[in-house]
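Quick look at what TrEMBL lists:
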TRANSMEM  12-31  transmembrane segment
TRANSMEM  38-55  transmembrane segment
TRANSMEM  61-84  transmembrane segment
TRANSMEM  96-120  transmembrane segment
TRANSMEM  140-164  transmembrane segment
TRANSMEM  196-217  transmembrane segment
């Protein structure tokens with residue numbers, strides 16, 4: 001029983017941390033433009049399908065496939081700002097118009113994938129470890145896939161911390177998050193900052209899609225549905241303003257899902273995510289892991 005518990009902690013935390021990456025896409029844009037971008041969730045699906053195409057169909061190798069996929073996803077994020085956000089903002093549109101536009105774009109990508117690749121899930125190449133690759137630690141069999149997920153997320157979080165706290169770009173980003181108008185008056189190029197936030201948001205979610213694909217397959221589920229809800233729930237647990245709290249929120253959600261599967265039934269995995277989201281919005285809308293950050 002103890003081994004089952006530890007096994008579920010390992011798998012739940014790794015999958016949950018990936019949910020947190022999806023949630024980071026929500027957080028970065030909420031910080032800078034106070035908008036929920038549903039089209040950003042499509043980045044997970046697009047990242048997985050792009051990598052699948054480059055690696056499996058074009059045989060470009062892991063590194064080139066990964067870099068090309070992330071580069072295209074970054075350009076997609078920039079396009080969202082130029083062709084969706086800016087036209088709506090300049091015409092006096094608000095949050096509702098932006099939400100509707102991004103929902104429609106999300107629907108477009110789902111249908112585009114169906115037409116291009118078909119609706120059936122596709123197996124993801126075992127680039128992060130095969131189904132029989134394990135490392136034994138104290139009687140616990142840890143799949144290499146989960147260890148590689150931990151490694152990628154750890155590197156990504158160190159990079160995000162460095163960007164946000166140790167660079168001028170990060171200071172500009174945080175200044176715009178605290179007061180957009182004041183940041184512009186102080187000489188910060190808010191357009192550049194907003195563009196970077198869109199790019200960073202889509203890239204992080206695209207990486208999350210590539211990490212989730214070995215678990216959920218290269219499928220439409222990565223483009224919304226339960227994955228989107230779990231990412232959004234992770235962001236809500238972090239209060240929509242704390243990147244690190246969002247990762248903790250995702251890990252907590254992953255653990256809760258796994259233990260509900262262990263002690264109740266796998267049927268209720270998605271129900272748990274919806275329930276947590278609704279409960280936090282009602283009982284503590286500021287988030288559970290939303291500790292105060294220092295001012296600039």
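In case you wondered, yes, glycine gets a Cβ from its N, Cα and C as well.
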Count, for each of 12-31, 38-55, 96-120, the Cβ pairs lying under 8 Å from the transmembrane segment (140-164), and report the range with the highest count.
-> 12-31
Is it true that the transmembrane segment (12-31) and the transmembrane segment (96-120) have 3 or more Cβ pairs under 8 Å, skipping pairs fewer than 6 apart in sequence?
-> no
